[in-house]
Amino acid sequence: MSRRRSRPAHSSNHTDPSNRKTPADRSGIHLLKDPSVARRLARSSGVGPGDLVVEFGAGTGVLTTVLAASGARVVAVERHPRFVERLERRFGDDTGVRIVSADARSVPLPRRSFTVVANIPYAISTPLLRRLLGPDRTPVTGADLVVEWGFAKRMTADVPRDAETAWWRTRFDLHIADRIPAGRFDPAPSVDSAHLVVRRRNGMSPRAARAAGELLRARSRAPHRPAKEVLGAHVPKKRAHRLLTSTGIDPPAPAGSVPIALWLRLAEKIENE
Ligand SMILES: C[S@@+](CC[C@H](N)C(=O)[O-])C[C@H]1O[C@@H](n2cnc3c(N)ncnc32)[C@H](O)[C@@H]1O
């Protein structure tokens with residue numbers, strides 16, 4: 001990551017959000033008022049000395065302070081120049097914190113393993129997860145994110161909403177740790193937030209992950225198709241029937257009704273049998 005300042009590509013807001021006390025607007029700025037939320041995020045991530053943690057949208061540094069106190073190396077990315085100035089003043093002497101003035105959607109990501117802990121603007125939740133969880137060999141080990149409650153529910157729903165989400169969930173476990181009331185932020189957003197936990201699934205071989213990805217994508221494309229037909233497109237029909245029943249899946253059941261965990265187990269069986 002470069003330390004160079006990059007001008008925000010699409011800043012249409014010419015006021016200074018770092019001093020704003022007005023109600024929520026479209027800038028996605030909702031600063032954490034409650035440091036206990038920051039502490040819970042950091043504790044859940046498990047980051048400590050020797051770890052690399054990236055915080056997107058560092059704002060005034062509430063979460064950055066807690067992450068730095070853990071002893072981890074912190075890369076704090078912030079797009080708004082006035083926040084960047086404040087962060088540089090606040091963490092200028094802290095060798096464990098690097099402030100990067102950039103857009104989270106395009107800033108180069110570290111090549112070594114890293115964790116993400118961040119209270120991100122709702123509007124960039126999907127592009128950011130796409131960057132972090134999409135690449136086949138992503139160095140991301142996990143993330144603890146503050147996201148919109150409804151978004152978190154969709155991301156963790158038993159039936160992935162599309163093939164892309166299915167792919168992310170093949171390799172990462174996503175679950176909600178907490179509901180965070182809107183009043184914990186300044187200004188308060190119009191809806192509650194969630195603490196979304198993302199963890200890499202470690203036990204899965206790359207081949208099984210690819211097989212699971214294919215199955216979950218097929219399931220998302222045709223959720224009403226019987227599971228035996230979805231699997232039957234990948235392995236001979238007789239074997240498909242045996243694999244499904246031994247995994248506890250009813251072969252005629254609609255593919256979309258079969259929980260993700262069972263598809264993952266099925267993919268492992270296909271590869272290991
Ligand atoms: C929800 S606030 C969180 C601020 C701080 N982390 C906190 O918890 O108090 C989101 C922050 O992301 C910044 N931001 C908005 N869009 C961004 C982008 N595309 N890239 C990086 N930062 C962004 C905003 O300026 C703001 O500081």
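Placed from the backbone N, Cα and C atoms, the Cβ positions cover glycine too.
Listed features, source TrEMBL:
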REGION    1-31  region 'Disordered'
COMPBIAS  17-31  compositional bias 'Basic and acidic residues'
BINDING   His30, Leu32, Gly57, Glu78, Asp103, Asn119  S-adenosyl-L-methionine binding site
DOMAIN    37-202  domain 'Ribosomal RNA adenine methylase transferase N-terminal'
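Using a 10 Å Cβ-Cβ cutoff, Asp103 (S-adenosyl-L-methionine binding site) registers 18 neighbours. A count of other CB atoms within 10 A of each Cβ picks out Asn119 as the most crowded of the binding-site residues His30, Leu32, Asn119.
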